[in-house]
């Protein structure tokens, strides 16, 4: 600071400035970026920035900004800035140097200069020296010394344990044991014991159960110094996390000088610092000291001591001011600069550089600057920007898949619910007729046989055959002539619309006019649209040409205009413009069209794609190219590209329609600006250049026989409107081409048709004038046009007849509608507008007056406060359960399959879930079929991404329950979630640019790779611990020299020349787009504990989340409920993975090699089955098989196939299936090396957004896009699903895996899955495919089995004596089991698997036949569809061949779903996500389209059995789907799924209604549970222990009938005594049971009674299981004892068990032969007691016992037998003689 006359005032100003800045900082939002830019950029350069604060945060930010943005500018201006922090640079700030002693100063006295030992020379009085005053110099405050304490054993124990369990030292209680802190993880516990043993060289017995403090007390011989383990941790901390040069010595020095810690306390702090290790290496010393400060601070709190850090700059109130003579300072600077300049000259001479060339370079730069300044003065930035080139043929979008859009439109039309008559009038209908092909006719012929589509199909078929479309595509204008209509309604609102023009016939009749009639009408003796020919210098009306033109219009409105084979360039065809309608007409006529756009292709591609899909006719083609008509280079490059045969299209243009325009509204002659010049350049100058470039190309190639037709867009506006810049001049300038046609030499190459464009309503230039159009027509007798009408006019000018004339002479087409020549046009328009506005205001005033009058007459309106605010819809997030209507509705139209299907071996899906780039299956489905999120979708994703969380408590002093913002804690209304977070959600979900924080910091722009280098010079010495140094020596041998450091355990290391190092390098990797999970996704939000998340690979937590959610989808609140119905060994876990735990594998290989911290048990997490193990340990607790398939991309299908096999072979009854894989850099890099994935860099250069880069079946596809996640299904036997009352989403009818062939390419797609259609020629005629035939054969087999059962039962009963009565039940059950098994085998043989009888039938056909379906009933094919060239074609070929071989009806194509266009390719999870999507399609009847398939590859046109929808199609219902998956390594898979309604046709109405009721009850119960747990973050319910105790484990495992019971708390566990439960195998009906008992037991009872000589009485009872109401608590309490209820509660089927006991009580009562007390008498006095495997015993109480005693009954025996629908009991009462 320069010394002023009044130093105190300067100090006061500085003080005030500092206070103001700090006040501003605290009071207002931080705007540091703007502030620092202003400070750095200002003219009076600031060279010294000082930050006052606890650390150098802002100084570092400013330093980075200056280096990044102002480095070159500072270099030119020789600016050298300093960035200092008050916390770290106090000495530099106060100019305090090591050799300088602090200056003492007295209070309130100015600083005096120090006395000199020699007298100073006298100074001139008139010129006092200017002095430079330095800042006040503080007195340093020393750190307070703290008594030193030795490092204790407990410090080391806590440090080692805390480091291992990843907690800070002060978060580990010394009173807890290692076992407690390990949370039951034996591996972690074992590892800790091993480390402590290595550290202390011996541990006491049972160390894991001792408190840490007790354990530490055993180490009485502890040396007070870190041992092997602790020392290694400290060394690793310093080596891996401290900045360069910040070694142990510096750490200790800092702790001593700044905190006053002694050597031993420093060691303790280092030990504790290990437990707080930073996540990455600290950037600089400032961060390192901050880290140490935080450790010391927490250490002080733990040690109970007050630690005070030395103040860096504590100073007295005043201090001395050092003064330096300014003249001396300037002299010193001058000498330094001269010296540096001499050094520069010497170095330049030595290096052979031109050291004096700089002035000339400066001069050149100055001249360039002057030229730029002159340009800016003449034009401006807008003009320069407007001329920039944007033409890039790589960004071209090409559309030519008319064949697929026609098929797609026909399918959508047939499935549309609108009446056929309405469809006939639609543009889609007319477009289909124009795009006719044999394939469409075949599709209609097939649909005409279907009742749901018959009417539409036959009508369209008749129309097409009658119209004769064999002549090729035409553009036919079918719209009525439209007129503008402007109305002012009663409220004063101006309403504009367009209505058909009508012609009156008498008073009450009118007819709609066609457009040709309207334009042919006369106006001033000429039609509204007419042609003129040259007459001297003028253009005169030409009758002959006009008649020709009007005839062409009539033809275009009737038979149509053909443009087949024409090649046209159109510039300026935005949405709603005339150009867009011209393009539509050309495409409908079969033309090849190039359209240019000045916008990014990704912005306009959707609209052009839709345009082509609507009208693109056979042979038509649309190419969209970026192009700026204001750029000369673009004009030249565009035409060159069109004509170039090598790199371009090799076209010769038939027409050019240059309609590109730039609006200049509001610019009069005094406001002509650069935009006007730019518009003039685009609409005139460069339009002429375009024509010139075409002429050059045609002349170069000798194309002088086919002139290109030029449609000039002229205008009747010759300044009439005014205020439109140079627009009129641009249009008038084009008219010179009429004369140049003759005066210049290009008439052989170009012909001119000038079209004067009339008033066209609704276009960009004229839309503001729509409301005055009617007034103009009425008052001036002119004709205005709609955009389609004007386009029709222009398309008629492109006919061959008109062109023939134009070849010889330019044509002038007046399409102005009479507007040309109207005088005072602007005034007339203004008058009409003024009248409309006036009418509007008058009516508004009348309305206001009327309201005021009503208010006066009827009183005031109700207070606003009484008006209820509008209700806002709330989100309702719930599992998407399948709808269940009544039995007749569900089975309507289906063949009856009752009793035909073996349900025990039929696989159904009862639950599913997923986790992927679009979140859950619910949110993914919304995006997949709708392309947008609902309120529920936004809410769920906002929760999933951590943007909101649920709150229940006091918020701002008021009770509040609902969502709050996770950061601000402000309440969030669900209706506002889309507005608040919508853009963030859409930007951070789905396929997008990789976010490093979601992939462990992986940034593809800095992909790290190791590079080997050999050093050629000795490196500077560095300090390292002894052990590390010896390791260097061991690796590098004599290339490393070690030198001990006196007084230290460390050594000095010198690396000699010749040593080989691996040095990291970074490179940009071009695969930087992927489908990551939504940003902010956190497994702890689901309820997974943090220690589990830290332990396992991310892929495992994906599986845990998905399996947990799949249970809710199945209606299961607790997975243990499954064990009420199955044995724990009957649940299989078949979830697979393609690659396994990538992060865990990285730890095993890379991180371990790089000596980074890695958990010791990382190996277990890298195993493929680790996720299955964790799922079972934390959630399922099953003892069934764990099968871990790895089928690369087909893993999920292989998992499903394994599960189906397990259920069908009765090895399991329930299975968890699916797949999971992660996205990490290693696999991404290797897929890129294989060229399998899309090159994101190339894709961006082509103009594709990240979300568009996965384009299955598109002609532009270039590889798949990786993604990550998991997909899960819960499958089980249909029998079990019906028994449990679980929702059934679909039937898995068939699954198969297949290899391919001999080869050398592992990833090559194969055709092995063709074998699913393997079939002989005659097999399709097999009677086994006839349901009725199979039913007859099955009935025969079942009847035979029933006869056998009846015979055996009679034989058994007849031979059983009363003494053997107790064994009767078991023997009968055995017979029933055999019979039931034989019936199921018969069902399996005659229905489920008819290929056992005839293996020549195709597996797919046989699977469909089970349900009465054929291959024609498969409606949807979910494709693997990876977006690679090879896969998509191969997959289409395979499916098409299968359908052809199986004789699928031609004209009945499959609708193809390509899900990966939305999700990317998750490898292992792919098939599971696809399967989930298919289940959702079955449930809704919706087939989602592939929105990224902008143009389906023409190579797929040959596959007639396939349609590739790009838009969603709503069907009336889907019967069946097929899914294919192709994985690297010859893993082909196929699954066929069927709608669940076909399963319900196999059961009776009563059984279905019972099932339906239980399913609905289950759903009603689970939905609030799901929502509550989601809000509370407890979706994942971790299991702490199995359903059995350790004592029960053996009994549970060995008892096949062991089942859990539900406790009063709702939990499931095995009863204390695991008793056998009655088998659930019997399959007799009630009628069978009654018949058997009536015939068999009668004989047995007679024999028994006769044998007992009359002392036995018998009771028999049969009860329907469904008749016993187990929900009636009063009934249960009156009739059953607590013991009976407890036993029944623990049985697999509580209702069946209670029904059996009720039948037994009734039978016993009958056997006692005592008087009845009525039907309502309680039965509690009769108790049935079960004792394990023994027959039940009977206990009588109270009145029942008294009655039995009176009857001298000494013993009562009972036998209970169950069937699926009934319970039967026989009781024998034996009396005393």
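Heads up, the Cβ atoms here are built off N, Cα and C, so glycines get one too.
Note that the structure is predicted; figures quoted are calculated from it, not measured.
If you look up Swiss-Prot, you'll see 110-120 marked as compositional bias 'Low complexity'.
The feature domain 'Carrier' is assigned by Swiss-Prot to 151-237.
Summarising the annotation, Swiss-Prot assigns region 'Ketoreductase (KR) domain' to 563-803.
Around the Cβ of residue 1193 (active site, for beta-ketoacyl synthase activity), the number of neighbouring Cβ atoms within 10 Å comes to 28. The active site, for beta-ketoacyl synthase activity annotation in Swiss-Prot covers 1193 (among others).
For 1424 (among others), the entry in Swiss-Prot reads active site, for beta-ketoacyl synthase activity. Reduced to three states, the DSSP call for residue 1424 (active site, for beta-ketoacyl synthase activity) is coil.
Residue 1465 (active site, for beta-ketoacyl synthase activity) is surrounded by 29 other CB atoms, counting those within 10 A of its CB over all protein chains shown. The active site, for beta-ketoacyl synthase activity annotation in Swiss-Prot covers 1465 (among others), and the record cites sequence analysis as its basis.
For the recorded site, residue 1731 (acetyl-CoA binding site), the DSSP three-state label reads strand. Cβ environment of residue 1731 (acetyl-CoA binding site): 1737 lie under 8 Å away, each six or more residues apart in the same chain. For 1661-1663, 1706-1716, 1730-1734, 1760-1762, the entry in Swiss-Prot reads acetyl-CoA binding site.
In this structure, residue 1661 (acetyl-CoA binding site) is part of a beta strand by DSSP. The annotation Mg(2+) binding site is assigned in Swiss-Prot to 1661.
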Taking 10 A as the limit, how many CB atoms besides its own sit near the CB of residue 1712 (acetyl-CoA binding site)? 22
Pairwise CA distance, residue 1715 (acetyl-CoA binding site) versus residue 1424 (active site, for beta-ketoacyl synthase activity), rounded so that it is a whole Å: 74
Cβ-Cβ neighbours of residue 1661 (acetyl-CoA binding site) (radius 10 Å): 20
State the mean pLDDT for the region 'Ketoreductase (KR) domain' (563-803). 91
Around the Cβ of residue 1715 (acetyl-CoA binding site), other Cβ atoms within 10 Å, all chains included, total 6
Highest CB neighbour count within 10 A among the recorded positions 1424, 1762? 1424
Would you kindly give the Cα-Cα distance separating residue 1465 (active site, for beta-ketoacyl synthase activity) and residue 1424 (active site, for beta-ketoacyl synthase activity), rounded to the nearest Å? 9
Do me a favour and check the Cα-Cα span between residue 1193 (active site, for beta-ketoacyl synthase activity) and residue 1661 (acetyl-CoA binding site); whole Å is fine. 59
Sequence gap of 6 or more, Cβ distance under 8 Å: name the residues on the same chain that satisfy this around residue 1709 (acetyl-CoA binding site), in order along the sequence. 1659, 1716, 1723, 1726
Within the same chain, the residues at least 6 apart in sequence whose Cβ is under 8 angstroms from that of residue 1706 (acetyl-CoA binding site) are 1659, 1661, 1663, 1723, 1769
Looking only at C-alpha atoms, tell me how far residue 1712 (acetyl-CoA binding site) is from residue 1465 (active site, for beta-ketoacyl synthase activity), rounded to the nearest Å. 72
Distance, residue 1465 (active site, for beta-ketoacyl synthase activity) to residue 1762 (acetyl-CoA binding site) (CA atoms, angstrom): 51
